[in-house]
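A quick write-up on the structure given underneath.
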Amino acid sequence: MWRVCVRRAQSAVPRAGLGDRWAVLKDGPVAPCGSSRAGPGAARFSSGTPSYGVRFLCGWSSGSDTAPRNRLLRQLLGSPGRRSYSLPPHQKVPLPSLSPTMQAGTIARWEKKEGEKINEGDLIAEVETDKATVGFESLEECYMAKILVAEGTRDIPIGSIICITVGKPEDIEAFKNYTLDSAAATTPQAAAPTPAPAPCAAPTAPSAKAPGSSYPPHMQVSAVGEQRLESWKLRLGVHLSERPCLKEIRETAQDSFEVQEEGYLAKILIPEGTRDVPLGAPLCIIVEKQEDIAAFADYRPMEVTSLKPQAPPPVPPPVAAAPPTAQPLAPTPSGLPAGPKGRVFVSPLAKKLAAERGIDLTQVKGTGPEGRIIKKDIDSFVPSKAAPAPAAAMAPPGPRVAPAPAAGVFTDVPISNIRRVIAQRLMQSKQTIPHYYLSIDVNMGEVLLVRKELNKMLEGKGKISVNDFIIKASALACLKVPEANSSWMDTVIRQNHVVDVSVAVSTPAGLITPIVFNAHIKGLETIASDVVSLASKAREGKLQPHEFQGGTFTISNLGMFGIKNFSAIINPPQACILAIGASEDKLIPADNEKGFDVASVMSVTLSCDHRVVDGAVGAQWLAEFKKYLEKPITMLL
């Protein structure tokens, strides 16, 4: 619906700037749609408010200009009221929420550079969330005037301004030296400075839930401007009908804040009376199902670090202070900077080439915009022979310092958000879940024969793999032994009535577990199709959150690498994970002339949470699993 509103403004004043379009949206004859439901744009872009989709922002409120939705519409359209008066009309683009659990993101790559034209639907940047790398698109035609957050900047809070766009190319030059700090200094409000808003928090320091904890599907409602929260109109557990008054906030006037979808209020994160609630601060949690409320009793929003890029480590002070009249130890090579006084600006390609060639970027003079080092600088760089001289001309004797390692000895790989989440969840699992392991050998002879026949029948339509049989057998075994299809929920053990099998998939970004939903009622052909589609989307980083969040049982298969057996780590809050090894030909006793047969035997290991699944129960599950694979015809019963 947001796309519709913008298009209406553009059609009314096609050559107008963003500020003029704002006026049309607010007062003109073509008003925004007042529906509370989303149009096609909602699936393509989330607003700059954390976990607050476009569909929640559709329409112009009949209240004052400071009504929450109106204020955010004004911010996203770049109205004059939200810009510096000395600058042309422009739009401050905030970091959007790109996944239900996203609290902060990393700019993986800017797809548009400063000065470039951005067409409607163009990809602006790729953002690394806590789950995947996701791109977000522009909803209207504009120009990239200024990038405020450099590539690779980590832990950017949702709602933080990341770039500036303008409607006219001639306005780009005005933002050449634009920064968020300078913008604050030139706004009228700067004349009456106010104390910096304190972080919005409960009176006592929250004891955050263990890192990596998972929660049912939910929506995190966040502040759309600096506010004072006056009162909550609804209490925990109350059912929210469409567009109820949720809370009252105070800024220049007292307004009510509405939600646009049904649900249940599961958690209030900001108490009544809290002052200076900053933009993007999480206010409350809303869930779709009433039974999910209890899961958020100890929910705390994830803390994020400052928006500013991490500064390089400070240069250590000299070992011995030189006299005031002392001369430099050695002249700096001609044409080279004396040394970095801060961050070295370098393009991603140049940085990669420098690492491969062992080139010290501090010795390279950049010829790109504002001294940025580009590929041409790396290609033309010639190491100076005089460079080692400073090492020989040491300062007066002092404590010895270990020499720096030679270039190219190692590479520090930054930890991605996905890798950080994997580390947190696996650490939590090994430290808090009492694992035990059960192994068994399975004769795969019958499965291989059935698979061969089925693939002949499906020739040209796809193939069924051994892994598809394993998924189906696991799902049916979970129906027979439901304790293995359960979840530890701290206060209760949740026994699931459907089997959603998570399948571990290795991707360049890390491990992810897309889900085959309702595997117990799906046929082998459908399971095979689902697995191929999910694995492809996982490797391309195109999985949607609902496709990998949840699951009741997990399978990890390393048999294709020749691994005979291994023990997998449980994926909380699930109770079991099945590790699949490679199949091997083994001799087994047989009632024939030779007295033996050669069988393809596969070794599997079931990791169980002893809080949920006792040893005998785990053994029963493996017995059922083995029966289904050794007699695959029983899967039809």
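Note: Cβ is positioned from N, Cα and C throughout, glycine not excepted.
Fair warning: this is a prediction, and the values are worked out from it, not measured in the lab.
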Do you know which of 158-188, 189-219, 406-436, 437-467 Swiss-Prot annotates as region 'Disordered'? 189-219
Can you check which of 35-68, 307-340 Swiss-Prot lists as region 'Disordered'? 307-340
So how far apart do the CoA binders Arg451, Ser465, Ser556, Asn557, Gly581 get, largest Cα to Cα in Å? 20
How big is the gap, in Å, between the Cα of Lys456 (N6-acetyllysine) and that of Ser556 (CoA binding site), rounded to a whole number? 27
Which one of these binding-site residues, Ser465, Ser556, has the sparsest Cβ neighbourhood, judged by other Cβ atoms within 10 angstroms? Ser465
Lys537 (N6-succinyllysine) versus Ser465 (CoA binding site) - Cα distance in angstrom: 18
Hey, of the modified residues listed (Lys456, Lys463), which one tops the CB count within 10 A? Lys463
Suppose we draw a 10 Å sphere around the Cβ of Lys537 (N6-succinyllysine). How many other Cβ atoms does it contain, all chains included? 19
